[in-house]
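Q: Before I ask anything, let me first share the structure, which is written out below as structure tokens.
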Amino acid sequence: MKTQSLIDCIEMTDSYKRYGKVKRVIGLMIESKGPASSIGDLCLIYAKGQSGKVIKAEVVGFQEENILLMPYLEAASIAPGSIVEATGESLRVKVGTGLIGQVIDAFGEPLDGKLLPKGLSPVSTEQSPPNPMKRPPIREKMGVGVRSIDSLLTVGKGQRIGIFAGSGVGKSTLMGMIAKQTEADLNVIALVGERGREVREFIEKDLGKEGLKRSIVVVATSDQPALMRLKAAYTATAIAEYFRDKGQNVMFMMDSVTRVAMAQREIGLAAGEPPTTKGYTPSVFAILPRLLERTGANEHGTITAFYTVLVDGDDMNEPIADTVRGILDGHIVLDRALANKGQFPAVNVLKSISRVMSNISTKQHLDAANKFRELLSTYQNSEDLINIGAYKRGSSREIDEAIQFYPQLIQFLKQGTDEPALLEESIAALTSLTGNEE
């Protein structure tokens, strides 16, 4: 009986390998007649001539009976009639503890040209978000080593937060501080669409040797094709998921989700999607929730995620910023005006919020944070009157108190890049400053 079933399987097996052929290339898109494949499948295109070059491409759409492919790398060697082979699966990368301390590309290959260590497991970059009913509630704090965040915008294990800022306000520096000082087991950092110069600068200056020892950095620079930039985000997320499923608490950082959206916009427009708000295609707003919902907690471990959002002209209501803010569990606003005054990190605590802080903090801690915000808000609302000398002391008890405390508030918010700040010490300093000690 067993022999007969094996014979039946052999007879049903298609012994032919079917290939397709490139028909034309228009802009970023390659149109091919066959082979049979699905959206997201990885295909191999064999360049004509003596180069023997094999170019990886992904199926991004269909047009009549042809498939639309987008290459991961430059398509310079592709010509009409180039053979296309379907692999039947999506992009997979090799993951394991051997990647810690490495800087890799979207394919999971080291950028220094060295071979990958042995003992890595292949995982698909396309995963489903955890079942909402299997997500444990956030109940524990996650120290990030930044005093203003730990005390006033306390982050929980498995929380997802956006860092909203314009260019040159200190996003990379803040990410480096978090990577070096966080309580997490390891960092996974995605640098998407960055300038080539900035990548090495971030790794050597902001992250440093100590930070890199406990980090995996996934890089796709701005000169690379849109698909590589998009896949870098998926690869980094898949790596973080692997370690979360091993029971670890992962710190995940992506700089920036705006450039991920721009990469998807390029792909969507090339595939023929209609542009909507600010030229973004409908697929941009479809992939963002799918990508961002993959992080967080599951029954095995946690991914605490920080996504930077580059806001054009410091406009916090532009489409990507607005969409991401609605998906995440809180947002941190870096203010250019504070940076110009020399306050670093330039966190505007009055415009920022952590949506899980009330669930993981004591009443004493929350009262101290509210008191701090009240004092800072009172001073800022009256700052013009105070600066021109129009306010007379004694006119308002609240303003008098705010003036008295203001220098201490600003000093509390300032922190050097190499100045360590433990979670409990930051909270204790806050309660002491506001007089909310037990």
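Cβ atoms are placed via backbone N, Cα and C, with glycine included.
Heads up, here are the entries from Swiss-Prot:
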- 119-139: region 'Disordered' (REGION)
- Ala165, Gly166, Ser167, Gly168, Val169, Gly170, Lys171, Ser172: ATP binding site (BINDING)
Q: With the ATP site defined by Ala165, Gly166, Ser167, Gly168, Val169, Gly170, Lys171, Ser172, which remaining residues of that chain have Cβ atoms positioned within 8 Å of the Cβ centroid?
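A: The surrounding set, listed in chain order, is Leu310, Leu334, Ala339.
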Q: Do any residues of this chain, six or more beyond the ends of the region 'Disordered' (119-139), have a C-beta under 8 angstroms from a C-beta of it, and if so which?
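A: For the region 'Disordered' (119-139), the sequence-distant neighbours (Cβ-Cβ under 8 Å, at least 6 residues beyond its ends) are 40, 89-99, 156-159, 231, 234-235, 237-239, 241-242, 290, 293-294, 296-299, 329, 356, 359-360.
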Q: If you count CB neighbours within 10 Å, which one among the binding-site residues Gly166, Ser172 has the smallest count?
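A: Minimum Cβ neighbour count within 10 Å, taken over the binding-site residues Gly166, Ser172, occurs at Gly166.
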Q: Where does Ala165 (ATP binding site) sit in the DSSP three-state scheme?
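A: Going by the DSSP assignment, Ala165 (ATP binding site) falls within a strand, counted as strand.
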Q: Could you check what DSSP calls Lys171 (ATP binding site) once collapsed to helix, strand or coil?
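A: SS state of Lys171 (ATP binding site) = helix.
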Q: Residues with Cβ closer than 8 Å to the Cβ of Gly168 (ATP binding site), same chain and 6+ apart in sequence?
A: Ala339
Q: Are there any residues in the same chain, six or more apart in sequence, whose C-beta is under 8 angstroms from the C-beta of Ala165 (ATP binding site), and if so which?
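A: Long-range Cβ contacts: Lys171, Thr308, Val309, Leu310, Val311, Val333, Leu334, Arg336, Ala346.
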Q: Within 10 Å of the Cβ of Lys171 (ATP binding site), how many other Cβ atoms can be counted across all chains shown?
A: 25
Q: Including all protein chains shown, what's the count of other C-beta atoms within 10 A of the C-beta of Ser167 (ATP binding site)?
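A: Result for Ser167 (ATP binding site): 11 other Cβ atoms within 10 Å.
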Q: Under the DSSP assignment, what numbers of helix, strand and coil residues are found in the region 'Disordered' (119-139)?
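A: So the region 'Disordered' (119-139) is made up of 3 helix, 4 strand, 14 coil.
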